[in-house]
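Q: Below are the features I grabbed from TrEMBL:
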type     : residues : note
TRANSMEM : 21-39    : transmembrane segment
DOMAIN   : 42-75    : domain 'Connexin N-terminal'
TRANSMEM : 77-97    : transmembrane segment
TRANSMEM : 118-143  : transmembrane segment
DOMAIN   : 134-201  : domain 'Connexin cysteine-rich'
TRANSMEM : 178-203  : transmembrane segment
C-alpha cells in the first residue's frame, strides 16, 4: 500500500499547526506511520496462510479464521491511521478557501490566511474533536472485536464445517502482541496530545475574551472620570446648558451695573 498521499497531506498541514499539534504530527509520522510501513505490514503479511488448525476438514480453517479475525488487524490500523489524519485536511481546505477569496476580490481580506482566528479557529477545533473521536472509537472497536489487545497462542473453534471442537494456532503471537501494545500506547498518546491542545486553545480564547472585556471597561471608566473632571472645573467638557448659563450671567452683570449707575445719576 502506498502512503505517499498521506505523507504529503501531513507535510502540508504542518505549517498551520500549533506547537502541540506539531508534536502530535511527529508521533503520528514517526511512531505510527513509519512503524506500520517498515515492520507491521511484514509481521502480518501471511496472516491467513500461517493460521493453522489441527484438522484438515475442508473449509474449517477459513471459517475459524473469519470468526476470530472478521477484519485483519493490520488493515484496521491502516483504516484508523487514514481516518485520524484526514480531519487535518479541513484546515488546509479552509486556508485554501481564504486564499481563493483574496484572489477573487484582489485585495487583502485577512492578516494572514493561515492565522488561527475567526472561522479557521473553529475549523481547527472541530478537526481536533473529530480526530480524538476517531482515536477513541477505533480503540474501543479493536478491543471489542478481538477481546483485548493481546494475541493468544491457542484458539478453540467449534463452527461448522469443523467436525468437533478444534484447536487453531496463530503465527508469531508474541511479536504481534508487542506491536499491538506499541500502537495502542501511541494512539493513547495522540489522544492525550489532542486533549491538551484542545484545552490550550479554549483556555487561550477565554483569556483573550476576558482581557478584551477588562480593557473595554477600563477605557469606559477612564472616559467617565475624564468627563467628570471637566464638569467640575467648568472646562469645555461641561454640559452645554451650564456653559450657556454661565455666559448669560457673565454678560448680564455688567449691564445691570450700568443701569443702576444711570438711575442714581438721574435721582441726583
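The backbone N, Cα and C atoms fix where each Cβ goes, and this holds for glycine too.
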Q: With a Cβ cut-off under 8 Å, give me the same-chain residues at least six positions beyond the ends of the domain 'Connexin N-terminal' (42-75) that come close to it.
A: 36, 142, 145-146, 155, 157, 159-163, 166-172, 175-176, 179-180
Q: Can you work out the mean pLDDT of the predicted model over the domain 'Connexin N-terminal' (42-75)?
A: 83
Q: Do the transmembrane segment (21-39) and the transmembrane segment (178-203) share at least 3 Cβ pairs closer than 8 Å, excluding pairs fewer than 6 residues apart in sequence?
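A: Counting Cβ pairs under 8 Å, at least 3, so yes.
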Q: So what's near the transmembrane segment (178-203) in sequence-distant terms, Cβ-Cβ under 8 Å and 6+ beyond its ends?
A: 18, 20-21, 23-24, 27-28, 31-32, 35-36, 39-40, 43, 73, 77, 80, 84, 116, 121, 124-125, 128-129, 131-132, 135-136, 138-139, 142, 149-151
Q: DSSP on the domain 'Connexin N-terminal' (42-75): how many residues come out helix, how many strand, how many coil?
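A: The breakdown for the domain 'Connexin N-terminal' (42-75) reads 14 helix, 2 strand, 18 coil.
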